[in-house]
Amino acid sequence: MQKTQPLTLRRNFSWTFIGNAVYAACQWGILVVLAKFGSPEMVGQFTLGLAVTAPIIMFTNLQLRVVQATDARKEYLFRDYLGLRLLGTGLALVAITIVTWLAGYRWETSLVILLIGLAKAFESMTDVFHGLLQQHERMDRIATSLMIKGPLSLLLLGMGVYLSGNIIWGVLGLVCAWALVLLAYDIRNGVLILNHKSQVLPQWHLQTQKKLLWLCLPLGLVMMLISLNTNIPRYFIEQYLGERELGIFAAIAYLMIAGNMVVSALGESASPKLAKYYATGNGVAFRTLIFKLLGIATLIGGVGVLVALIGGRQILTLLYQAEYAEHSKLFVWLMVAAGIGYVASFLGYGMTAARYFRVQMPLFVAVVSTSAIACLWLLPKLGLLGAAIALIMAAIVQVGISLGVVIYALQKLERYTTKQE
């Protein structure tokens, strides 16, 4: 069918960038709504909900989408991926409930966390359908899904907060938005790609599920560690400084997403090609594409730091409120962390495309350990600035180790190619 023909890398990038830009702008809009119509405490509650649920969801998701997208040999059916995702999502909801109960948060904060967990469950199901579309190089449909989901989320959450003055009704609107997009759009796209409704039903074949789980488990642990690395400063801020300071940090840190939009769009669009280059032994093409991506990451990071230095205070005042602008120095340090993180992200796409899954777990153990130790050391002394410096230290460790893995993978590929010749 013509509708399911793959798009070119340029068109996939364009669609992905537009979709991610719209969605990221709407996600940022959610923080602006909470900051403008609510309070830093409300932003802090929302951020804490994301910080508690994200590592659990990331682990149980097992990064199936990336495994799907880079499954160039079609070793598993979509039904296998869907079956494993359903099991993982159910487990995640149970884990989120237990963690929230054990943590002893206030009832309102606990309810926010549980509702965000439910929204994340719907998002997890959407993600596995997006993996199918990415595998078929149809990023336009993923982008369309994001461009529906983003504005609808902002609208329903904004209405809930504005009309009730309570974050709970806003988060409930978010749950409804994400569920609606999954049921009304994403599942239909899966049916269209696979040409039959029966092909989008889950399949639980024990041996296949065990094999797929064993393949993906290291990636699930890696994604949990990545999420922990992002959220560890938030845990320490909430513990040492409170929900208000957490809200301020989260609002400023979210501006890092501007560069992430380009990085994600390029990384997701380039992943299938990187995987094909490596699988076919084309080391020159693999290396060339990686170098181009790293150059773009460096450029984006440099621009971000420059913008924060020149107009940080004005930007924070315009986007949020005057109390956020008092932390313009924090903005600069967070942009430095973001720039180093962009480089690390592209190296991560390269490792995954080369199917170097298991090495990523010890890598991120080192990264998370660096972040936690740095937060424990710096945050009590430097406050929010200490959290930003901890992120920089962790990102430097990630880049160093990731670069070593990618270089090793290329050398191994070249030796294999030479031997075959």
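Cβ atoms are placed via backbone N, Cα and C, with glycine included.
According to TrEMBL, the protein has these features:
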- 12-37: transmembrane segment (TRANSMEM)
- 43-62: transmembrane segment (TRANSMEM)
- 82-104: transmembrane segment (TRANSMEM)
- 167-187: transmembrane segment (TRANSMEM)
- 212-228: transmembrane segment (TRANSMEM)
- 248-268: transmembrane segment (TRANSMEM)
- 289-310: transmembrane segment (TRANSMEM)
- 330-349: transmembrane segment (TRANSMEM)
- 361-379: transmembrane segment (TRANSMEM)
- 385-410: transmembrane segment (TRANSMEM)
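Here the transmembrane segment (248-268) has long-range neighbours at 13, 16-17, 19-21, 24, 27-28, 31, 35, 40, 43-44, 46-47, 69, 134, 139, 233-234, 237, 293, 296-297, 300-301, 303-304, 315-316, 319-320, 323-324, 327, 330-331, 334-335, 337-339, 341-342, 345-346, 349, 384, 387, meaning same-chain residues at least 6 beyond its ends whose C-beta is under 8 angstroms from one of its own.
The stretch from 12-37, 82-104, 212-228, 289-310, 330-349 that makes the most Cβ contacts under 8 Å with the transmembrane segment (361-379) is 212-228.
Beyond the ends of the transmembrane segment (330-349), by six or more residues, the same chain brings 249, 252-253, 255-256, 259-260, 263-264, 266-267, 270-271, 274, 290, 293-294, 296-298, 300-302, 304-305, 307-309, 312, 315-316, 360, 384-385, 388-389, 391-392, 395-396, 398-399, 402-403, 405-406 to within a C-beta distance below 8 angstroms of the stretch. Tertiary proximity for the transmembrane segment (43-62) is limited to same-chain residues at least six positions away from its ends with a CB under 8 Å from its CB atoms, namely 30-31, 34-35, 84-85, 88-89, 91-92, 95-96, 99-100, 103, 105, 108-109, 112-113, 115-117, 120-121, 123-124, 127, 167, 171, 213, 216-217, 219-221, 223-224, 226-228, 230-231, 234-235, 238, 242-251. Only residues 6 or more beyond the boundaries of the transmembrane segment (289-310), in the same chain, are considered here, and those with a CB under 8 A from a CB of the stretch are 256, 258-259, 262-263, 266-267, 270, 273-274, 277, 328, 331-332, 334-336, 338-340, 342-343, 345-347, 349-350, 406.
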